[in-house]
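Participant: Sharing a structure below in structure tokens format, with a few things to ask.
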């Protein structure tokens, strides 16, 4: 082996490997919209909204609930419920194996988390879809957890808020999943009859049986900026009607312009704005919102290998 190989090349490779390993996993994140490389702790301060282009990144169900509800007094509803493969469904993979994989990936039993708590001191119940669990698809457990949350709102006469992020009904549960559309719609009709507010927040994306049922039944329907909202996807529609769709079709801004939703609210403003809205709808005093102090973060230089 030549002296050049021993003295120059091998130490250079070793230094490169040391540099790579010194960057902790997940410390940097690339924005899918503007491709800016963002420091993860700084991104968490902005609630996963890109500080460069305002792109609202997808976040999990528990993260949504955590940034929305007050820290104290939370109780999860329907946590004991688990999905069952009653139909022994199999496509390219057994449904029960898909469930196990999704549960391992997300740490959740199914694609909806429901929790009671307070928003700026006001009692409220919240449901949030976990899109990483089989695309946030709605099956029997998702439907039952939503109904339990709505029943809690009925029993305690408190408002309900739902954050939707779903591809629609879960095909592996066939008619059982389609039945959840009627089941969730029926319980929301009871809320309306009792005069209990239901606010639906549409996040990216909301499609299929969820958009055709509970997601579009809010007394007030709110969209996050640039969220994709529809029944079938744009490509499916274009192939069916054989026409080019308008620019931005199915984005929340397009839906707001055409009267399909009521508001678009930045994720960082959801707590105070929905708090004020719920206070008006329930006749309660306007709550005081005190923003948490923002601690300065020293952002290190972006590593060359990121």
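Indices start at 1 and increase along the chain as displayed.
A Cβ is built for glycine as well, from the same backbone N, Cα and C atoms used for every other residue.
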Participant: Using Swiss-Prot as the reference, determine which range in 8-30, 31-53 is annotated zinc finger.
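Facilitator: When 8-30, 31-53 are checked in Swiss-Prot, zinc finger belongs to 31-53.
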Participant: For the recorded Zn(2+) site, whose residues are 31, 34, 50, 53, find every other residue on that chain with a C-beta no more than 8 angstroms from the centre of their C-beta atoms, and list them by sequence position.
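Facilitator: Going along the sequence, the neighbours appear as 32, 33, 35, 36, 38, 51, 52, 54, 55.
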Participant: According to DSSP, which kind of secondary structure is residue 31 (Zn(2+) binding site) found in, if we only use helix, strand and coil?
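Facilitator: SS state of residue 31 (Zn(2+) binding site) = coil.
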Participant: Under 8 Å Cβ to Cβ from residue 34 (Zn(2+) binding site), same chain, six or more residues apart: give me those in sequence order, or none if nothing qualifies.
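Facilitator: Sequence-distant Cβ neighbours: 50, 52, 53, 55.
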